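Scroll down for the structure; my scribbles are underneath it.
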Amino acid sequence: MKKLQGAHHRQPITPDLLMTPSDQGDVDLDVDFAADRGNWTGKLDFLLSCIGYCVGLGNVWRFPYRAYTNGGGAFLVPYFLMLAICGIPLFFLELSLGQFSSLGPLAVWKISPLFKGAGAAMLLIVGLVAIYYNMIIAYVLFYLFASLTSNLPWEHCGNWWNTDLCLEHRGSKDGNGALPLNLTSTVSPSEEYWSRYVLHIQGSRGIGSPGEIRWNLCLCLLLAWVIVFLCILKGVKSSGKVVYFTATFPYLILLMLLVRGVTLPGAWKGIQFYLTPQFHHLLSSKVWIEAALQIFYSLGVGFGGLLTFASYNTFHQNIYRDTFIVTLGNAITSILAGFAIFSVLGYMSQELGVPVDQVAKAGPGLAFVVYPQAMTMLPLSPFWSFLFFFMLLTLGLDSQFAFLETIVTAVTDEFPYYLRPKKAVFSGLICVAMYLMGLVLTTDGGMYWLVLLDDYSASFGLMVVVITTCLAVTRVYGIQRFCRDIHMMLGFKPGLYFRACWLFLSPATLLALLVYSIVKYQPSEYGSYRFPAWAELLGILMGLLSCLMIPAGMLVAVLREEGSLWERLQQASRPTMDWGPSLEENRTGMYVATLVGSQSPKPLMVHMRKYGGITSFENTAIEVDREIAEEEESMISGHCWEVGLGCGRPRQLRGLEMVRTRGCLVLMLPTPAPGRGSPGPGMRGGASEPRAADSSAPWPEALASSVPGTGEAVLGPPLTPERWGWGVRMPE
């Protein structure tokens, strides 16, 4: 085995300096990372949090409408196919990134700093979504409180907010027959309650003149943010317990609504309308695009929530199993929600004497107009209304927990030693700031701003972020390397299905979605209101801003490197020195190093890559991975490794020849100071003898005890008068 040679003089660094923060870095090696950052208290916490995050309002008010307008039961064919091609692989990729690194959406880009702008884009998108999403929760709270009466306020006309066009329903609940209505010339009480009382939209002339703040909505929004803050106060340790209720109770309510719905007269009419397959729709590209969009937004890929939740897992959590549980559970929930919704809409259409397609709507129109109107036709209408809106509340809160936890985790992971001890205070400041930014949504014209945010904040920008993430991980970092990382966690490498989807199918599908959204672009509208040109431009710029963060991040990463442009790009695209598992016991294979120079050496995380020298700290041991892929074997045979620890800025040692034998352990040790131990007897080498020391615990022996299976130690020539090179041959 070749020995380390070279000469590079500098002031010696004692082992004590490597065990405490210094100018070399601010990482305290004695700090328990898991205890410092926090973890889920149980595996079920993570699973329920993911279910609550994915199963949201869109499952109730978007999927059923998309299904019946795109072929009914035939829509399930492209839906499940897109789930297999796009949904499951991207879901698993994001979970794997988070769990392997234990880092949030910003810090996780240590995997390739060139693409850190994608993490910043994630934060911008999730921040904008969190602002208006909590406004929807505020609307739900408003209706929830309004349901605590003996008679629902949107059941009758004659209130101060009603107009002459208001026509209330008097049907079987009052003992009368069905009353056919011309819905184009009349307005239901529930619609006027929503638009003229809750929103008070008549007080605004458009998005440019929002009008006055609605103080009842302002208080509901405040309550929504207080609830969110209290639930994320202690991070995943508190939100992970709340989801035991918020992620499971909606299923109980959904089951109650489903049973009540299918027992109503006319329910089968609505269900038949919902699921009757129309296979000729499958020939339309629009149906396939709609299925992919539903999968994409329903699973919450690209928002950073999945990555954040997975970062709090233990290293060997079975996220492969969890991926299928959550994604398939989300799909089944969407289908069941369609039964619950359309059974009631079928009853409603029979009571009103109109076709189902005239009462079926999507989005807020379904949740705050159509379904509340249907509730008024049932006995005990306040009870059913309360259950429905309580279900919406729990569904919305679960997703909002993920949005806020994503933002807080991302920023605290970037500045852990400043913000992590004050995480609760920082979370409170984020909630206050977002509440203040959301006050415009509580004005008379707030719905216009909400529609603008909904249409543009997470549209084409989100697709660009996910495409960038997928390509950066599989193409730049490397699909083989990423699969080996997963093998370290789960004990197996992803098969051909996942590799094919990550490399080709998923990016191609997302690219098709992006092109479709651009080609089929339609200006925003709300009812009959058309947004002015400046509002459209503002929305487009809002979407472009998230896209522009990616090249901006690339520019910053390149400027931080040295050399020619190509060399800068290469350096910026490689993982940083401290990329890898965060906990010591999980750093195996390519990510194992042992800090020596102490009485109890510890494993440290390293990253090895092709470089024209050795970048290292004085006390470093690297175990070469025995399963290095073929494309990296040339790095062993013809080049040196670049080695760095996660404890600060690396130093450059030039003129050294690295051991190139596979399965070898390479050490760089400072000469022991008096009283700290010295190389033991019997060590071979061609250098002058090291200084004497009073210790019975030689470092090579301590090293051998910390690295199982180490063989003979070889003492190389001195690197400097104070430093020695050691090579320990690993068994074949």
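Each position is counted from 1, following the chain as shown.
A Cβ is built for glycine as well, from the same backbone N, Cα and C atoms used for every other residue.
Marked as compositional bias 'Basic residues' by TrEMBL: 1-11. The region 'Disordered' feature in TrEMBL is assigned to 1-21, 671-732. Annotation comment: TrEMBL describes 46-64, 76-97, 118-145, 213-233, 242-268, 288-312, 324-348, 383-404, 425-450, 456-477, 497-519, 539-559 as transmembrane segment.
At the 8 Å Cβ threshold, with sequence separation of at least 6, the transmembrane segment (76-97) lacks contact with the transmembrane segment (539-559), having fewer than 3 such pairs. Between the transmembrane segment (46-64) and the transmembrane segment (242-268) there are at least 3 Cβ pairs closer than 8 Å, counting only pairs 6 or more residues apart in sequence, which means the two stretches are in contact. In terms of C-beta pairs under 8 Å, the stretch of 288-312, 456-477, 497-519 lying closest in packing to the transmembrane segment (539-559) is 456-477. Contacts between the transmembrane segment (497-519) and the transmembrane segment (288-312): present, as 3 or more C-beta pairs lie under 8 angstroms, all at sequence separation of six or more.
383-404 is the stretch from 213-233, 288-312, 383-404, 456-477 with the greatest number of Cβ pairs below 8 Å to the transmembrane segment (242-268). Here the listed stretches are 288-312, 324-348, 383-404, 456-477, and the one with the most C-beta pairs under 8 angstroms to the transmembrane segment (118-145) is 383-404. Count of Cβ pairs under 8 Å against the transmembrane segment (288-312): among 213-233, 324-348, 383-404, the largest is for 383-404. Counting only same-chain residues 6+ beyond the ends of the transmembrane segment (324-348), those with a CB under 8 A from a CB of the stretch are 47, 50-51, 54-55, 59-60, 63-64, 67-68, 76, 79-80, 83, 87-88, 91, 251, 254, 257-258, 261-262, 264-275, 294, 298-299, 356, 359-360, 366, 370-371, 373-374, 377. Sequence-distant contacts of the transmembrane segment (383-404) (same chain, six or more residues past either end, CB-CB distance under 8 Å): 49, 51-53, 55-57, 59-60, 126, 129-130, 133-134, 136-137, 140-141, 143-144, 147-148, 152, 224, 227-228, 231-232, 239, 242-243, 245-247, 249-250, 253-254, 256-257, 260, 300, 303, 305, 308-309, 367, 371-372, 375, 427, 430-431.
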